[in-house]
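Asks: Features from TrEMBL:
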- 199-214: compositional bias 'Acidic residues' (COMPBIAS)
- 1-95: domain 'Thioredoxin' (DOMAIN)
- 194-242: region 'Disordered' (REGION)
- 145-166: transmembrane segment (TRANSMEM)
Amino acid sequence: MWRELLQGEWMVEFYAPWCPACQNLQPEWEKFAEWGEDLEVKIAKVDVTEQPGLSGRFIITALPTIYHCKDGEFRRYQGARTKTDFINFISEQEWKSIEPVSSWFGPSSFLMSSMSALFQLSMWIRHCHGYLTEKVGIPVWGSYAVFALATLFSGLILGLIMVFLADCICPSKRHRPPQYPHSRKLAPESAQLLKKLDEEQEADEEDISDDEMEGKELSNRSSSPYAVRQRPVTAASTMDKS
């Protein structure tokens, strides 16, 4: 039915069988439906308990709720709920004075499509819970345990998939090849000149280091308190002793 609402003009009522206000509206809505062919408008009603996906697209928070649909534009009807008011709303095109639902929050938007999927999932879980407790005979706590384990398992699988995708799209730095800046090529003459300057600088550093070593040795000798002065011994003194 959702695809059909995107084409042509529709008046749609969202209701629930247990809703008293919806029950009071049904006679007027059925009388209005008899005028559908004359007004060239399609008139329908949706049971929210049977169509959770469609009610999720429109975010039905109150019952009954009536929407006017015209070629993919959706407007919420908020007027009086009588057959005459419905007919005037269509025949006099009063719907043009109502601002349509924003495309961001419209039933055909991605956000509302996701909401519809969540509503359908909740209804599916409800049916599964009823099947496990009523048909299979599992106790209520056992059904809750099954859904808890299923949720943990699905979350684990989803987490692994997200980590894998993130690693493929944005790999970590340790896997990235090293990036070096582009080196500039020097001319042969410049390279030889730089090499010569480096050699001269190294030679100067070696000369300076040799001079420093000699200066240190001389200073150590002069400052030593145990240095012994040697006096020359003449041959005459040697003979006297003998």
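Glycine is no exception: its Cβ is also placed from the backbone N, Cα and C atoms.
Automatic, uncurated: that is what TrEMBL annotation is.
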Asks: Do you know the mean pLDDT across the domain 'Thioredoxin' (1-95)?
Replies: 89
Asks: Excluding the flanking five residues on each side, which residues at least 6 beyond the ends of the transmembrane segment (145-166) place their CB within less than 8 Å of a CB in that stretch?
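Replies: Same-chain residues near the transmembrane segment (145-166) but 6 or more away: 125, 128-129, 132, 138.
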Asks: Pull the DSSP breakdown for the domain 'Thioredoxin' (1-95) and write it out as helix, strand, coil residue counts.
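Replies: Per-class counts: 40 helix, 24 strand, 31 coil.
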